[in-house]
Amino acid sequence: MHSSRNGPTGSQPRYLASTAVLLVEVIKLLASLTLASNDMCKSNPMRSPAEIAALVYRSVFAPDCWKLVIPAALYTLQNSLVYVAISNLDAVTFQVTYQLKILTTVLFSIALLGRKISSRQWMSLILLTFGVALVQVSGPISTEDWRERLSSLMQGDMPVSSGFKGLMAVIAASLTSGLTCVYFEKLVKDSMDSVSLWTRNVQLSFFSLFPALFIGVLWQDGASIAQNGFFAGYSPIVWVTIALQALGGLVVAVCIAYADNVAKNFAASLSIVVCYAASAILFRTPLMLHSTGGAAVVLLAMYLFTSRPGPRVVLLPMSKERHSAVEKPPRPLLFQLMSPR
């Protein structure tokens with residue numbers, strides 16, 4: 001995405017982010033509609049294609065479909081903010097700041113889903129955010145480089161139209177990312193027994209078309225599209241970016257439905273570590289100290305979040321009565337199943 005937005009275009013104009021966002025939603029809509037129709041055919045094998053289409057239509061436009069208007073608008077806003085941030089920030093600043101979405105997701109999970117997070121898990125989440133930020137910082141960065149970046153952001157040396165605008169966009173994208181993912185997770189899991197995942201995804205993509213089309217394409221970039229055309233500046237890398245964005249949206253929906261957003265963030269963080277190691281092996285990319293340390297921090301955070309505190313270990317001798325009062329750790333589930341009733 002960063003290459004498509006900042007790479008050389010020659011004499012061609014830069015493609016418009018609003019058109020890319022609209023195409024992503026169209027692809028997701030068509031793919032989700034196909035999968036929803038396939039599920040409907042499996043549950044109603046004796047129905048004709050016309051009857052299947054009618055059933056899909058009624059399930060998509062059910063009385064509660066309006067609930068998807070909120071996440072649809074937020075998803076479109078989030079995608080637009082990401083494009084704005086990438087266009088106005090260097091890759092390092094964007095990658096580091098955008099990791100705030102890990103913490104915002106947890107905060108909204110607590111507020112909307114009532115999730116309980118222990119102090120140990122909070123520590124792991126903070127470590128995860130810090131570790132991912134370190135891994136995604138590519139290339140050696142000196143103390144002077146960090147000082148220049150911080151001073152330019154804090155003292156206002158960057159132009160307001162570029163640095164500050166990009167920073168505000170990435171912070172807003174982090175907030176909307178957390179809120180949208182958690183809200184969509186709540187909708188999907190509350191109605192999983194009556195409404196399929198792909199029907200919810202069809203509703204989400206359908207309602208996302210309206211803000212993407214009317215606000216992004218027509219209102220924001222209508223004049224530029226009328227002058228240069230809808231597909232001006234499109235190249236193979238732009239189409240690859242759009243396809244990956246659409247595929248990522250479908251995969252995220254599956255992950256949210258069958259796991260949760262916190263697990264999704266940990267999986268994405270682990271994938272960053274795997275990509276970092278694979279790049280070093282396959283492409284002989286030099287390993288940087290801060291990135292390697294960040295990978296280790298990510299693995300430590302995953303261990304802290306998924307592991308449970310062990311039983312209290314008695315280091316000093318005690319009386320038999322006190323020793324029996326110490327809570328014994330439960331046996332592993334495998335041994336519980338194998339033991340005689």
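Each residue, glycine too, has its Cβ placed from N, Cα and C.
Since the structure is predicted, the reported quantities are computational estimates derived from the model, not experimental observations.
According to TrEMBL, the transmembrane segment annotation covers 15-36, 68-86, 92-113, 125-143, 163-184, 204-225, 237-259, 266-283, 289-306.
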Touch test for the transmembrane segment (204-225) and the transmembrane segment (15-36), at least 3 Cβ pairs under 8 Å: yes
Sequence-remote partners of the transmembrane segment (289-306) [C-beta within less than 8 Å, at least six residues beyond its ends]: 120-121, 123-125, 127-128, 130-138, 141, 266, 269-270, 272-273, 276-277
Ranked first among 15-36, 68-86, 92-113, 237-259 for CB pairs under 8 angstroms with the transmembrane segment (163-184): 92-113
Highest-contact recorded stretch vs the transmembrane segment (68-86), from 15-36, 92-113, 237-259, CB pairs under 8 Å: 15-36
